[in-house]
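A quick write-up on the structure given underneath.
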Amino acid sequence: MGNEAVFRTSLVSLAAIMVVTGLYTQSLKKMGATYLFGMLAIGGVVLPDWKFFDRPVSQWCTLVAGVADGPSQSAPPRFKLYPVRLVIYTAFYGFGLYKWWKFVR
């Protein structure tokens, strides 16, 4: 249920950013680019299965060991900081944000 609330909040925030972009630039193309970049960012950060990705990058191509999802695991696992994953995400989203900003400007 917590993931749905985060997803809903992210979509509402994206809608607000789209409105601000549309009012500032008065361009439907730029609003569309904002929507596309925002949906890709939300899809890459909010939606992934963090039980799968919350491992070292070298293990992403292997299966996840079966862990029972019982009531004892009600709290989400802590987000572990792996340097390679941080570099990949920073490079990908940094480049996307740069290209979006150049397009909107």
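All residue numbers here begin at 1 and follow the chain in the order shown.
Using N, Cα and C of the backbone, Cβ positions are placed for all residues, glycine too.
Note: TrEMBL annotation is automatic and uncurated.
As annotated by TrEMBL, transmembrane segment applies to 6-25 (among others).
Panel annotation: around the transmembrane segment (32-50), residues 3, 6-7, 10-11, 14, 17-18, 21, 76-77, 79, 89, 92-93, 96-97, 100, 103-104 of the same chain, lying at least six beyond its termini, place a Cβ under 8 Å from a Cβ of the stretch. Taken from TrEMBL, the feature transmembrane segment applies to 32-50 (among others).
Within its own chain, the transmembrane segment (82-101) is flanked in space by residues 33-34, 37, 40-41, 44-45, 53, 55-57, which lie at least six positions past its ends and keep a Cβ under 8 Å from the stretch. For 82-101 (among others), the entry in TrEMBL reads transmembrane segment.
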